């Protein structure tokens with residue numbers, strides 16, 4: 001007979017209804033345990049849905065056991081020592097994924113089982129599992145997750161079958177790398193319940209680490225750049241009128257990023273994701289920059305008619321702080337300033353203020369003008385007596401017209417002097433606002449750099465999630 005005839009004869013013999021019932025557990029007696037060796041082979045990590053907390057994987061569930069009823073002598077059947085029998089024609093252990101998330105407990109395809117002549121059976125069905133996975137969002141997007149696959153018999157307890165872990169690690173021989181996750185480890189463990197002797201399961205821990213490049217490019221770097229714009233608010237001149245506009249725009253941009261984060265991570269109150277902490281940190285900074293900008297603008301637009309500058313403000317913001325902030329106030333070269341090095345002469349009244357000059361009892365007048373207004377002149381200075389055009393007036397009164405002109409000139413001089421003083425105070429207030437701006441610029445740069453580095457260095461020191469028994 002041919003090999004095909006021998007195989008058909010063997011198949012009919014093994015699966016004959018008279019000697020084999022696929023509904024009966026392959027045990028010699030009721031007290032015998034059927035040992036099931038189990039190993040998971042990971043083919044693909046399809047996705048991890050953070051918001052729904054579901055991990056989708058493509059695995060091969062390798063199961064091995066012995067069915068004494070399917071043993072034969074190869075010499076009786078043309079030396080055939082292995083058969084491939086459709087799985088639905090033999091007894092199968094009803095091992096299912098206990099922590100599935102979509103109600104699909106069984107495998108995707110009932111493949112053929114490989115049966116050896118000694119009765120050992122190896123069944124390797126593929127399955128796409130959606131398992132519940134508790135997402136730890138504390139270090140997102142630099143996070144590491146521990147998702148488990150828990151396998152257990154649905155109807156048989158520990159008194160009927162014994163689940164044995166074939167190897168301590170899941171197989172990755174046929175694994176296709178994921179673009180989002182790195183596999184850190186796939187340890188397996190066999191779990192028994194001391195309080196329930198009938199309980200046994202096999203659990204695999206999928207310890208995976210996220211590849212953060214996508215979120216770094218699309219979330220973190222834009223947030224850092226937007227935060228730097230908030231810092232530049234303090235370098236913006238107060239006169240341009242765009243300080244508040246820039247602050248509000250940056251705050252709105254950060255709010256949009258915060259909404260994006262809320263759609264990615266699960267709505268849990270146990271932890272705040274790292275990127276969420278950073279966004280809140282930057283939003284607090286921007287809010288504080290708005291408050292400080294309001295204060296700076298208030299100082300910038302102060303005047304002598306509304307505010308008096310306290311001495312301590314002059315001491316701190318005009319004398320002390322600028323040196324520490326590397327600021328140097330330019331010299332005031334206003335043409336209205338009095339000459340600083342006016343030389344003292346015998347005619348020192350020439351250096352007096354206009355009001356004092358005209359009110360003084362002695363000053364120079366033109367001789368022609370003096371005759372016209374009947375002024376008495378006298379030569380009292382040696383260095384002036386030689387001049388024919390100018391003489392000194394002694395203490396005589398002016399005519400009403402001249403006195404009125406002198407009063408007008410004196411009023412104008414006093415008004416100009418008052419304007420100069422007011423303008424000087426206004427410039428002082430503006431410089432104080434500039435110093436405050438520069439002070440907060442350095443403070444914000446320091447806080448922003450330290451806060452950013454401190455937050456994003458945390459994942460480097462996180463502990464790896466280890467597999468622990470429940």
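Glycine too: its Cβ is placed from the backbone N, Cα and C atoms.
Check Swiss-Prot against the ranges 183-203, 246-266, 309-329 and you find transmembrane segment recorded for 246-266. Topology check against Swiss-Prot: residue 245 and residue 425 fall in the same compartment relative to the membrane. Swiss-Prot assigns the feature transmembrane segment to one of the listed ranges (154-174, 217-237, 343-363), namely 217-237. Between the stretches 418-438, 439-459, Swiss-Prot puts its transmembrane segment entry on 439-459. Looking at the stretches 279-299, 384-404, the one that Swiss-Prot records under the feature transmembrane segment is 279-299. A straight line from the CA of residue 118 (N-linked glycosylation site) to the CA of residue 133 (disulfide bond) spans 40 Å. Using residue 146 (N-linked glycosylation site) as the reference Cα, a 10 A cut-off selects none from the recorded positions 29, 114, 242.
Long-range Cβ neighbours of residue 133 (disulfide bond) (same chain, at least 6 residues apart, Cβ-Cβ under 8 Å): 48, 53, 54, 55, 145, 147, 148.
Of all Cβ atoms in the shown protein chains, 19 besides its own fall within 10 Å of the Cβ of residue 146 (N-linked glycosylation site). Highest Cβ count within 10 Å among the glycosylation sites 29, 118: 118. Proximity of distant same-chain residues to the topological domain 'Extracellular' (267-278), defined by a Cβ-Cβ separation under 8 Å and at least 6 residues beyond the stretch ends, is recorded for 51, 135-143, 215, 219-220, 223, 258, 261, 451-452, 455-456, 458-459. Within the set of recorded positions (114, 147), the lowest number of other Cβ atoms found within 10 Å of a Cβ is recorded at 114. Listed as Cβ neighbours of the topological domain 'Cytoplasmic' (238-245) (distance under 8 Å, sequence separation of 6 or more from its ends, same chain) are residues 290, 293-294, 296-297, 300, 430, 433-434, 437.
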